[in-house]
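*Asks:* The region 'Disordered' feature in TrEMBL is assigned to 220-240. Taken from TrEMBL, the feature transmembrane segment covers 6-25, 46-64, 70-93, 105-126, 132-152, 164-186, 192-213.
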Amino acid sequence: MVNADAVRNIVGIIGNVISFGLFLSPLPTFIQIVNKGDVEKFVPDPYLATFLNCALWVFYGLPIVHPNSILVVTINGTGLLIETVYLSIFFAYAPRPKRLKMLGVLAVELVFLAAVAAGVLLGAHTSDQRSLVVGSICIFFGTIMYAAPLTVMKRVITTKSVEYMPFTLSLVSFLNGVCWTTYALIRFDIFITIPNGLGTLLGLAQLILYFCYYGSTPNKPSDDSNSMELPVTAGDQGKN
């Protein structure tokens, strides 16, 4: 008989690999920043949001909060390190006003994380209670992060062009959602299921839009384009 936990671990490992690829998707942007020595029109908002999202999922996956979720910790811990590198590069090349804004937002995020950790560890005395509180917060912020893809999808429909929605990124985002939704359903976890189920639906919608409007797009999108930032949750669980 197939062991459900073994299957879940295999799916989670695959999810780690896919999510890792999504975390690396902004890499061309930062190579461009380093080469030009200027952040130009880029903003740090997606990376600050992903930093907070990853930190929350790492906390959620800890044994004292939600046991048997080590694969959630590994990929979001990796994502946290990657986002820290991205933010460090951005900070190094950003003008003073953007640096001050980054520091302000990052300070608020760290205070919020500390408050959540203290409140949960001191106020919730069982793993079920801690999972409920932290998982609900993860769902809230994970759902907010899908505003970016929705904006891009609206742009595609309005312009009837997929120029700013690369196919590879949309496909990998869809596969990431499918993988982590499957992972969550094998040993049912509502807090991972909701954001990744949403990610699966949005990824599928992006692919449908791509095939609907690809023919009418004058400038075909490049797969190394970084015009769209995708969330990764719980693995964006993931974002990615």
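A Cβ is built for glycine as well, from the same backbone N, Cα and C atoms used for every other residue.
Just so it is clear, the model here is predicted, and its values are computed rather than measured.
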*Asks:* Determine which recorded stretch among 6-25, 70-93, 105-126, 164-186, 192-213 has the most C-beta pairs below 8 angstroms with the transmembrane segment (132-152).
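*Replies:* Per the Cβ under 8 Å count, 192-213.
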*Asks:* Does the structure show the transmembrane segment (46-64) and the transmembrane segment (105-126) touching, where I'm treating 3 or more Cβ pairs under 8 angstroms (sequence separation 6 or more) as a contact?
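*Replies:* Answer yes: the transmembrane segment (46-64) meets the transmembrane segment (105-126) with 3 or more Cβ pairs below 8 Å.
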*Asks:* Counting only residues 6+ away from its ends, which parts of the chain sit with a Cβ under 8 Å from the transmembrane segment (192-213)?
*Replies:* 72, 138-139, 142-143, 146, 149-150, 152-153, 156-157, 160-162, 165, 167, 170-171, 173-178, 180-181, 183-185, 231, 233-238
